[in-house]
Amino acid sequence: MFINGEWINRKDIEVKNPYNNEIIGYIPSLSRNETKEAIKIAEEHKSTMKNLSPTIRYNILMKIASELSKNKRELAKLITIDVGKPIKQSIIEVDRTITTFKFSAFYSRELRGETIPFDDGMVITKREPVGLVGAITPFNFPLNLFAHKIAPAIAMGNSIVAHPSSKAPMITIELTKIIEKVLKSKKIPLGVFNLLTGEGHIVGDEIVKNNKINKLSFTGSVEVGESITKKAGFKKITLELGGNNPMIILKDANINKAVESCMSGKFLNSGQVCISVGRVLIEQEVADEFINKIVEKVKKLKIGNPLDEDTNISSLISLDSAERVEKLINKSIGQGGKLICGGKRENSIIYPTILEITADNILANIEIFAPVLPIIRVNDMNEALNQANNSNYGLHSGVFTQDINKALYFADNLEYGGVLINNSPTFRIDNMPFGGIKHSGLGREGIKYAIDEMSEIKTIIVNTK
């Protein structure tokens, strides 16, 4: 952990490579009192960040992006052994992280207010930093989702305490070393950024509850997100939570395109993506064609060591996660689900699995977070819409059709934060608004939108008469 410019290197928690279970490092586990002290230090540095000019913040962010670019391959390898993500996907994550910092740099110089005239003068608005941002991040995109919180916070001029998942903290430690180097080069006090490692029920809980935190940004499970809403008090919160994202395929769709999109949308990071395809809702007339084509492609996926360049599917984040998914597959089959391919577990690897199910099956109503694709046949577009909306989740959805009127109808009527037309739900560019409704979250990320969430509007009234 990194607090006020000091590294603390206790070996409290083992960090293991989920693919082979080898120990790759250790991290300290902060106590609640240590967490409180770190938050106090970060609070004392709020004015330091606020007083940095937009140009200095821009230069900090661009320099971080530059340092990341120098070591892309090494950083990608660390993501892979940290998470079990195939190396070619880890390289993409590093590239996206660089872009996230560059976008944040751009927006750091685009902070704008308004002028509103009235008879005796004018109203001026300006955006000011909220103060101290607490960032809690997940394991599945341990570098880019970390960047999606800290980069906008820096752009807006906030101090930061960041708590990465204890399942995949090693890459955030490397990023923190880069941030330390950049801050030192700019002669900025290091207490503006603090990395707090440890157990979520201690470190994360204190960040959530502590009144010195002005803004909390959390990515993780619905269960923890719901708990946060009850504990956070009056601080601003952004929650990026789970999803059971429907991919709707109508009978006029380009089936080949739908298959390709579903392959990338379902099996990226072995299905451990919050916007992964959760279920396919497909009209009867084209269901057989789609199933036959996607099964053919799934059987060609390379399963194995995530460091191999041609690997497509590797381990889940832990053996416990894989065993949970195995039980879900078996329960689905017990409820009448038809296993089309896969269904096999080998240690922490779940082989790519396709099942045909009905709407009352367990897999139709939960976030699976694994390379498991449930397919549900529907009679028409209205049934597809109703089934898609019959969910507590509301993150992303996808619709495949060649009829613009149908596409716009679904765009208007799907109860989701994002609607993708002729694309799977698993699409995100790093400067678009991103987030869900219902139990899938509160607020929006995406650099400009995260900056808005991490700022306050100050209104200045000038009487000129």
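Our numbering is plain: 1 for the first residue shown, then up by one each step along the chain.
Glycine too: its Cβ is placed from the backbone N, Cα and C atoms.
As annotated by Swiss-Prot, NAD(+) binding site applies to Gly220, Ser221, Val222, Glu223, Val224, Gly225, with the evidence given as similarity to another entry. Long-range Cβ neighbours of Ser221 (NAD(+) binding site) (same chain, at least 6 residues apart, Cβ-Cβ under 8 Å): Leu241, Gly242.
Neighbour count (other Cβ atoms within 10 Å of the Cβ, all protein chains): 28 for Glu240 (active site). In the three-state DSSP scheme, Glu240 (active site) falls into the strand class. What Swiss-Prot records for Glu240 (among others) is active site.
The active site annotation in Swiss-Prot covers Cys274 (among others) and is backed by sequence analysis. For Cys274 (active site), other Cβ atoms within 10 Å of its Cβ number 29.
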With every protein chain in view, how many other Cβ atoms are within 10 Å of the Cβ of Val224 (NAD(+) binding site)?
19
Among the binding-site residues Gly220, Val222, Glu223, Gly225, which residue has its Cβ surrounded by the fewest other Cβ atoms within 10 Å?
Glu223
Going by DSSP, is Val224 (NAD(+) binding site) part of a helix, a strand, or coil?
helix
